[in-house]
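S.K.: Below are the structure tokens for one structure; questions will follow.
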């Protein structure tokens, strides 16, 4: 079944989230970031760039770079690119396609369905345009959900025992919403909403940009507003300055070579304090008050009735906004349970889960996302628990030693899909010591993997001969970053042939070494009973196999091993015939070629050194 995702299609940044094991996960994009800039650019060669790559080249490609397209949704605005008029829906679809691709890359499967959020204050035309953008992007839009409703879901406030009134104050990059919701008994009801679809962080950025243009013009008599490349650099610097002023009381904006005059290059160097910034944007803060008051009035409640305040959107990180919300709500502290940039997408993925029947009162059985196993001789990954096994689960397998009188075995635990252990994620290592001296292949060591319902891995190794046991617990055994999980699965497919060849080589070598060892032991124990000609033939082929094992030619090893196995079989047959002729029932081995030894052997790393 194709997966459903939740998407926050934002003015400045967009986020995609998915439910995994009933829990929402924000998906990192191909660049490794959890938020994707809502920027689309058209390169000169016709390539469409989306996100961070589009934002990075904006300075040198101003004419063909589009940002904040959400502000044009539901209007007849168009942008001409290479003689083609692009609508806001088409441009938004490029962003949605990027999010869809990143989600598919992360999940390793097709994403067909999506819940997309919009500001609560979006009208029908804007909502329809958003649905169309999803359709253009190849998504089946399950539902358009109001951002405040999604935010309330994400905060998990719907799990409260008593009825609660929630204020969601959502100030994003380009839109502003205030919503009051009543939540209780699993029902989320929007009581009122108000807002401004053209008020957001972009407006605060613009005030800094205007201030820089005015300051530079006063100093040098040059209007940077008429220089598109300079203006783009100013906008980027303004956004950074705004973010810095949320953390510190002053910032410096330094842009060397911003433009040039007859005298030479000119540089911009301006300091800005938080107090100045708040003074020049005070009217924007004032614009936030009326929607709040309107929402409270429409809901028919008193400010004192508000139980929780939820801040949504990156712009709510500005100290002036936090202070405003505190003042408007009578000193109530905002709930800081979820990242304001991600909360809406998280809520959207929960809503997608509700619509797909994934979120309800049912038992959710988790699975381990990657195979678990240990490294055995030849560097092979011997899997005990395959990926997608439902947990809790327990698996055991018996291994043996690789050397005579091996005093200990080292258990190296790996997680991943590659055939060779080195290419998988190493989770841990422990040693089972105190093994009594014994020939290789004789000890029986039982390795057990046990994953509990919390996904915690317990590994134990027990010598069945002595009862000696050693164990370890791996916390977060399945808690790999999802990027690693998908990379491993993709690598496993991409390098499957290469891995298979390596595994075959290791197994061929293991079998050849076992054959050499067992043949040598057989000759030592029964040499005087074997016909000289037969013995000579076996010794010759044994020498050939020893030489092949010392080299790297797998085909030569296989050929020499087959020849020795055939000669050994003939030797065993000759012995039985001789015994029958002598009428003696002397015990003898039925041939050394196939001792009951597990091929996947554990090498003691210390022994090798």
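Heads up, the Cβ atoms here are built off N, Cα and C, so glycines get one too.
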S.K.: Can you identify, from 534-571, 572-609, the stretch that Swiss-Prot calls region 'Disordered'?
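M.R.: It is 572-609 that Swiss-Prot annotates as region 'Disordered'.
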S.K.: What count of other C-beta atoms do you get within 10 angstroms of the C-beta of residue 175 (phosphothreonine), across all chains shown?
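M.R.: Total other Cβ atoms inside 10 Å, all chains included: 29.
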S.K.: In the three-state scheme derived from DSSP, which category covers residue 175 (phosphothreonine)?
M.R.: coil
S.K.: In the compositional bias 'Low complexity' (572-584), how many residues does DSSP call helix, how many strand, and how many coil?
M.R.: 11 helix, 0 strand, 2 coil
